[in-house]
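Written out below as structure tokens is the structure these notes cover.
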Amino acid sequence: MTLTPSTAASPRNGRHASPGPRWLLLPAAVGMALILVPLLAIVLRVSWSDFPALVTSSSSVSALALSLRTAATSTVLCVVLGVPMAFLLSRMHFRGNGVLRALVLLPMVMPPVVGGVALLYTFGRQGLLGESMNALGISIAYSTTAVVLAQTFVALPFLVITVENALHGLDPHVIEAAVMDGAGPTAVLRTIILPLITPGLISGAILAFARALGEFGATIAFAGSLQGVTRTLPLEIYLQRETDPDAAVALSLLLIAAAVLVVGLAGARHPRH
């Protein structure tokens, strides 16, 4: 019997897949070092004796509480808005679907500060909608609401693309069987589709929360940096970098820990086989 590469690497034969050419190890190691060494530098730079005091100062606690509150709110908005968007993009085919999908995912690749400027010219006092809203006594820019909108703007595509991928993975025969049994569109969505995409939805929500928690550019451009109102943890780190570097490093470590937790949770939802 002649063993092909696929046969030799088959788990049935008790062998592992080849890692590839050895020369790949060098660029892979450089790439890993590029990611891990700066993180290690943060850990080594932390003043551990002062760490509790640095992360529990009034300004730090205020920024952390605001970040958690706004990130949670924006994540809920991402779920409420993102699931229908993902459903539209994945299940309905129409002319311009590709263009619409590209526009929906645009905040993932555009500079966040550009998104903040766009939001400002939409909801600011002289903005496209802000002028009419201001006449009604509704002011959004430079408020906590602006923080939530900025976070939602940059985080929404992460949830949309994750849920869309989950929808593409559904077995169409299951849905067709439910329709043939007389289930309406809403019943199919509620009893079949949503339960099946729940793991993907949870992963998308986790990623959206992490992206919202770390948002900086859109927030500072649209909401400013008012302590207790719009100054989230990333903004607090940026300001402390000039006045108290030790505090900036300690708070940076908090965000790194949060990111590690998020990656761990997302990975637990999709373990490798």
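Placement of Cβ uses the backbone N, Cα and C atoms for every residue, glycine included.
Just so it is clear, the model here is predicted, and its values are computed rather than measured.
If you look up TrEMBL, you'll see 64-266 marked as domain 'ABC transmembrane type-1'.
Listed by sequence, the residues of this chain that lie at least six past the ends of the transmembrane segment (23-48) yet keep a Cβ under 8 A from its Cβ atoms are 54, 246, 249-250, 252-253, 256. Per TrEMBL, transmembrane segment is recorded for 23-48 (among others).
Under the heading transmembrane segment, TrEMBL lists 68-90 (among others).
Long-range contacts of the transmembrane segment (102-123) within the same chain, counting only residues at least 6 positions beyond its ends with a Cβ under 8 Å from a Cβ of the stretch, are 85, 89, 129-130, 133, 140-141, 146, 149-150, 153-154, 156-158, 160-161, 215-223. The transmembrane segment feature in TrEMBL is assigned to 102-123 (among others).
Annotated transmembrane segment per TrEMBL: 135-161 (among others), in sequence order. Outside the transmembrane segment (135-161), and at least 6 residues removed from its termini, the chain residues within Cβ reach (under 8 Å) are 66, 70-71, 73-75, 77-79, 81-83, 85-86, 89, 104-108, 112, 115-116, 119-120, 123-125, 127, 201, 204-205, 207-209, 211-212, 215, 218-219, 221-224, 226, 229-230, 232.
Per TrEMBL, transmembrane segment is recorded for 187-210 (among others). Sequence-distant contacts of the transmembrane segment (187-210), counting only residues of its own chain at least 6 positions beyond either end whose CB sits under 8 Å from a CB of the stretch, comprise 71-72, 74-75, 78-79, 82-83, 87, 155-156, 158-163, 165-167, 169-170, 174-175, 178-179, 258-259, 262, 265-266, 269-270.
According to TrEMBL, the feature transmembrane segment maps to 247-268 (among others).
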Long-range Cβ neighbours of the transmembrane segment (247-268) (under 8 Å; 6 or more residues past either end):
39, 42-43, 45-47, 50-51, 54-55, 57, 60, 63-64, 203, 206-207, 209-210, 213-214, 233-234, 236-238, 240-241
